[in-house]
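**Q** One structure, pasted below without further comment.
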Amino acid sequence: MFYRIAGQYKTSYGADYALFPIKQDAWLLALILVFAFVVFPLTASDFMFRALLIPVLIYALAALGLNILTGYAGQLSLGTGAFMGVGAYACYKLITIFPEMNIIGAIVLSGFFSAAAGVAFGLPSLRIKGFYLAIATLAAQFFLLWLFQKWAWLYNYNASGAIQVPNTQLFGVTITGAQAPVLAQYFFVLITVCILTAFAINITRGRIGRTWKAVRDMDIAAELVGINLMKAKLSAFFVSSYIVGIAGALFVFLWRGAAEADLFDIQLSFRVLFIAIIGGLGSILGNYLGALLIVALPVIIGTVPAAVGLPISSAMVEHLNTMIIGALIIGFLILEPHGLARLWALMREKLIIWPFPH
Amino acid sequence: MNARPDHSVLADQEGSARDDLLMDVRNVSLSFGGVKAITDISFDVRQGEIRAIIGPNGAGKTSMLNVINGFYTPQVGTITFRGVERRSMKPHDAVRQGIARTFQNVALFKGMSTLDNIMAGRSVLMKRNIVWQMLWRGPALREEIEHREKVEEIIDFLEIEHIRRTPVGKLPYGLQKRVELGRALAMEPSLLLLDEPMAGMNLEEKEDMSRFILDVNQQRGTTIALIEHDMGVVMDLSDRVVVLDYGKKIADGPPDEVKNSQAVIDAYLGVPH
Amino acid sequence: MSYLHSIFVAPFADMADAPDFFLQVVWEGLVSGVLYALIALGFVLIYKSSRIFNFAQGIMVVFAALTLVGLHENGVPALLAVPLTLLVMFVLAVGIERAVLRPLVNQPDIILFMATIGITLFLIGLGETIFGGANKVMITEQLGIPTGSWVVEPFGGFVSVEQKDVTAVVGAVLLVIALLVFLNKSKMGRAIRALGDDHQAALSVGISLSTIWVLVWFISGIIALATGIVWGARAGVSFALEVIALKALPVLMLGGLESVTGAIVGGLAIGILEKVFEIYWGQPLLGGNTEAWFAYMLALLVLLVRPQGLFGEKIIERV
């Protein structure tokens, strides 16, 4: 009844390419944006920002990057964590070498470093396929992590081996560093994520996105319809790693505030992969739903049992969390291999015909 | 990089025997680790004709198509296409030069819609770079719409409007074959290779497909080389037929002539060599 | 120039100068290699019989070891804890077959692979919930594994050989022999191999897929327990083992996903080479800890030359 599409005709192909051919979708997005830009900033507590909103956005962005590579172009990657690290360390070096550099510039540039690393480790994909390719990304994961630990120049020879985010300002407001107000950081992350998401939507629905999906669905056929496999795969590695690198820079600069090499270990790669799987491979929306679930789950496990009088230790929260995520992954693969995004799509279809189910 | 090279000048220099020659296959042999798939085959394809390649199972027909569009590289022999002689090329270069094909076992992109599959066929013809794609404004959007119009023409032509948005993995086999033809047409080929376009179809579907093939040939002027097992269809559709058996050419000529050739009858009846 | 010397000459000179030390390094590498090979072996079995890229093989090692130690901590005598752990691994195999494999039959490979990642996570969480996340000590002595060490004296130097390492190597060899006999001589073993060659054909001669899957996962569980015991004896039992267990992946890539020989040779080769590289190149030139990535980079380089691995068969693409 509320999702009625009857009467919404399109009279040109241009109109069919509107982001939301159905106007209820646009309304829904507008509502979410109002919450993100107005309601949350007015109501949410610092804890909400730090424990939920900011990490959800950053994880969603990282998963979006991975999803472009794995969900759209079909190239499995287990090295997301390390590529996030490249973005973070690049941003750190840029900011400390050129202290007068604008933080936006540093973040935009840092993505190119991770993109270059992604392309370098993506080169084997031209010869190696499927699971065998996973080894290339694992090599990236372990080699880069080792580099973060051993190459002292990367962390400016700090005795701790960790990088400490310096204070930077944007339009007179402190954006990064210990004194930065969380609201400013939230807006910075939100806007970055919105812009990159818009770009990702556009790329994935156009020519380049189609070549990626073609390579994913059947690479031989893709080659035989004239798609240059090398360009398609490497562009997927480039775009994916760029976004992942930005997510890494945000991860450290706008959220953690400090980082050591171990932060970017394989567990991080897996966490991002789980978000992409649970959210739905080959979907943009799914990354947000998946990130929300993965970030919120430990918070829920930590607070709900306590609220009903069953306090459990924080270690136990973590253990249960791991177990539940594992079960969720299996459950999703069995019930709905396309993840939360597909569940929403099914629900939306039901809504469109509701209340007349035929 | 996406522009199609103009070979007309070269073609003149080459001085081919007939001026309506589109492709000339000369002495091609192909083997896999000692197993011979094709032995010393020569034939030509003329501009605007429907050329059939027939033969019993395992005769090397599909291997021949794979050689023509660059998927396999023959050990011996050359292929002259629009006056340019070559032995091997990357398949995507073959597409750029105007060779498109369909496959024996449907090779569509199963996760994508009909529309996207056919649009993917136009990838080579689209040029806007990633920055425009990212912004989805101006040139990129114009290009997308321009190609969408071409694709919608093909969709109309093949009468598949109703499945435009359906993921092709969910379509019945006959329709998948049709979508695959659409994807090949979207490449605007000068030579269209069809690998058993009617395999597994019922009579009605075969009739539809025959009509589409003839229309493509006549209305769009596309030269077609096809592999098909249904002799009735082959004899009705094709202008000339080449017959392969055990990787060798055993007959070549108009359908009626080939039909009465003793070698062909023997091959199909399984007379020992 | 001196840099080139330190890369291409000095390490070999060091090896020649102290051959006993070199032997010690190779021995240490060999023992790790045996463990990599064992994990890879469990993996190959599952891949051969069901085309599942079983990411959980590593965590099954940890889970088996944890169960064993956990049972012992709760008062079960060591020699009773082993069969009980095997029982747990059997129940696990049945559970995985029922809850994961059966519902996902005929799904694309990537989905099954992701499902095994889910199994991995579930097992980690389950293990931690039951046994706690703290490190544990393997009950080496209680199981009757000797813990002393022998000193061998080749070339006038000396090499120290831990008896539990020798036990590990001997145990692994026996396990592999038993496995090969089983695969080649028994009816079930031949069925498993047949399944690897052709699913349809194997089914058509009346072999129940579920039985075989349970069996294969159980065998992998046995291998996991054996690996867990010897590895735990060397390094303690904790979930950090999981990261080490990931090294089975480059071993597999190197050996080819389907080759038992490949798994063994690949495992030993990677174990020895990474140790030698670490001692003679990694520590003097690169700041050490190169074992973290050496195996992956090596596998990657080999794959670039031979995309099907050292022992895999060349794939001819068709359309």
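Using N, Cα and C of the backbone, Cβ positions are placed for all residues, glycine too.
Keep in mind that TrEMBL annotations are predicted by a computer and have not been checked by a curator.
For reference, TrEMBL lists these features for the protein:
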TRANSMEM  A:26-43  transmembrane segment
TRANSMEM  A:49-69  transmembrane segment
TRANSMEM  A:76-95  transmembrane segment
TRANSMEM  A:101-123  transmembrane segment
TRANSMEM  A:130-148  transmembrane segment
TRANSMEM  A:183-203  transmembrane segment
TRANSMEM  A:234-256  transmembrane segment
TRANSMEM  A:268-285  transmembrane segment
TRANSMEM  A:292-312  transmembrane segment
TRANSMEM  A:324-345  transmembrane segment
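Neighbours and distances for these, please.
**A** Listed by sequence, the residues of this chain that lie at least six past the ends of the transmembrane segment (A:76-95) yet keep a Cβ under 8 A from its Cβ atoms are 62, 65-66, 69-70, 101, 103, 105-107, 109-111, 113-114, 117-118, 121, 130-131, 133-134, 137-145, 148, 154-156, 163, 165-166, 168, 240-241, 244-249, 251-253, 259, 261, 263-270, 272-273.
Tertiary neighbourhood of the transmembrane segment (A:183-203): same-chain residues 19, 33, 36-37, 40-41, 49, 53-54, 57-58, 60-61, 64, 68, 107, 170, 173-176, 209, 239, 243, 246, 250, 254-255, 284, selected by CB-CB distance under 8 Å and a gap of 6+ residues from either end.
With a threshold of 8 Å between CB atoms, the same-chain residues lying at least 6 positions outside the transmembrane segment (A:268-285) that come near it are 59-60, 62-64, 66-67, 70-72, 77-82, 84, 141, 197, 200-201, 204, 213, 216, 244, 291, 293-294, 325, 328-329, 332-333, 338-342, 344.
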**Q** Rank A:49-69, A:101-123, A:130-148, A:292-312 by Cβ pairs under 8 Å to the transmembrane segment (A:234-256) and hand me the top one.
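**A** By Cβ pairs under 8 Å, A:101-123 leads among A:49-69, A:101-123, A:130-148, A:292-312.
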**Q** Can you work out which residues elsewhere in the same chain, 6+ from the ends of the transmembrane segment (A:130-148), have a Cβ less than 8 Å from its Cβ atoms?
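**A** Contacts with the transmembrane segment (A:130-148): 75-79, 81-83, 85-86, 89, 117, 121-122, 124, 154-155, 261-262, 264-266, 269.
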**Q** Which range out of A:49-69, A:101-123, A:292-312 gives the transmembrane segment (A:324-345) the most CB pairs under 8 Å?
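**A** Stretch with the highest Cβ contact count: A:292-312.
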**Q** Going along the chain, which residues at least six beyond the ends of the transmembrane segment (A:101-123) come within the CB cut-off of under 8 Å?
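**A** Same-chain contacts beyond the ends: 75, 79, 82-84, 86-88, 90-91, 94-95, 136-137, 139-140, 144, 168-170, 175-176, 192, 233-234, 236-246, 248-250, 253.
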